[in-house]
Amino acid sequence: MLRYLTSGESHGQSLITIIEGIPSNLNIDIDNINGELCRRQQGYGRGDRMKIEKDKVNILSGMRGSTTIGSPIAIEIKNKDYENWKEYMNPVEEIDKESKCVSKVRPGHADMVGSLKYDFKDVRNVLERASARETAARVAVGGVCKEFLSKFDIDFTSHVIQIGNHKLNKSFEFDYIKKESEISQVRCVDKEYENLFIDEIKKAKEEGDSLGGIFEVRIKNVVPGLGSYVHYDKKLDSELSAHIMSIQAIKGVEFGLGFEMASLKGSDIHDEIYYSKERGIYKNTNRLGGIEGGMSTGEEIVIRGVMKPIPTLYKPLNSIDINTLENYKASIERSDNCALPAACVVAENVCAFVIAKFFIEKFGQDNMKDIIKTYQNYLERLSDRGWKMDTKSI
Ligand SMILES: Cc1cc2nc3c(=O)[nH]c(=O)nc-3n(C[C@H](O)[C@H](O)[C@H](O)COP(=O)(O)O)c2cc1C
Ligand SMILES: C=C(O[C@@H]1CC(C(=O)O)=C[C@@H](OP(=O)(O)O)[C@H]1O)C(=O)O
């Protein structure tokens, strides 16, 4: 089974991850993983921390000469900002705990319950780990998984479809994919909306406020039959949802037409099935977003996530000092005021982990040669049953 752990505080020395279950003899291009980390750092609305960090992976184990050897892969991403924080964040030496002690808990963060649950007077012990800085490690994991999945032509893209009150029209979006190079600084595929999004973020910032929105992830060339209908924990959509929901500030997930389905009739939704000699089994629509009965259908997987507005506000909300219980305004930590473009990239990469996990479960784990063979056998069998899939790069 493919699995990983992450470790690391936002202003600690490094983020660390260990991934286990990546097959042997997979050639990995480190530049591609660093490229994913760079994409995650982009986006209008990010705060000053992104000017300090230049995230790059340091592979510590599990590979020799750019090739995996089947053992756990340990990856480090250094926090450059640690230099500015080491007197407060050193894990072993005496530190000055008082001067950076946080006690005015921020609504919408893990601050209050985290410090009660783990019995801390200093909320920094909570916020350092609850921070979305951790998503850099998850993107490194996704980067490795994307390297694996690219051998099977599985391809990921994402874009922002709503920020604040401005929302792209969904039906227009459905047959609209842009290449990475054409995606703007707010990861929007439409020029007019790009400007609206930027203006909205700018306005919120001037008001000391923050914004949320909706992003969309699309996954192409996933073979039919990843996941299963037989048990709750084998369903591809439930696992993808769980991983997207685990991203900081994500509050909902939908597939295909998603929540719009509530007001539509069955005949408006379910994708009709056809067969022709030339195309094999096919559908003309993909309203269910590429998953039926917990399994990939072979169509593009279309997932959306909603992100709440960033909780740290420069115009702080009412709160309390968790130690004195006095009423105060919440603490102001340096902050993004909108991070939808970054959340898009994180979502793509957590999806890459889930797809890789289900793929490996279905086609084997030990080495690339065996997996490719099993995959090809499966495609051949599907072809005998009328399904056609382009296998050009294998
Ligand atoms: C990419 C990304 C960047 C974020 N940046 C900030 C930030 O700068 N300031 C902030 O208060 N919250 C930020 N958040 C959200 C918080 O980490 C998150 O709301 C908080 O940890 C509480 O978790 P929850 O919203 O999932 O309940 C960010 C989230 C993501 C995904
Ligand atoms: C560091 C990242 O995001 C951070 C997520 C975050 C939060 O509270 O979640 C708060 C901010 O951290 P800082 O207080 O250091 O400015 C963001 O910059 C990152 O994405 O790499």
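Placement of Cβ uses the backbone N, Cα and C atoms for every residue, glycine included.
Feature list (source: TrEMBL):
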BINDING   R40, R46  NADP(+) binding site
BINDING   R129, A130, S131, Q248, A249, G293, K308, P309, I310, P311, T312, R334  FMN binding site
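Projection of TrEMBL feature records onto the structure.
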{"residue": "R40", "record": "NADP(+) binding site", "Cβ within 10 Å": "27"}
{"residue": "R46", "record": "NADP(+) binding site", "Cβ within 10 Å": "19"}
{"residue": "R129", "record": "FMN binding site", "Cβ within 10 Å": "18"}
{"residue": "S131", "record": "FMN binding site", "Cβ within 10 Å": "18"}
{"residue": "A249", "record": "FMN binding site", "Cβ within 10 Å": "19"}
{"residue": "K308", "record": "FMN binding site", "Cβ within 10 Å": "15"}
{"residue": "I310", "record": "FMN binding site", "Cβ within 10 Å": "24"}
{"residue": "T312", "record": "FMN binding site", "Cβ within 10 Å": "22"}
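Among the binding-site residues R40, R46, S131, K308, the residues whose Cβ sits under 6 Å from any atom of ligand 2 are S131.
Filtering R40, R46, R129, I310 by Cβ distance to ligand 1 (under 6 A) retains the following binding-site residues: I310.
Across the fold, the C-alpha of R129 (FMN binding site) and the C-alpha of R46 (NADP(+) binding site) stand 19 Å from each other. Between R40 (NADP(+) binding site) and A249 (FMN binding site), the C-alpha separation comes to 15 Å. The secondary structure of R129 (FMN binding site), as reduced to three states from DSSP, is helical.
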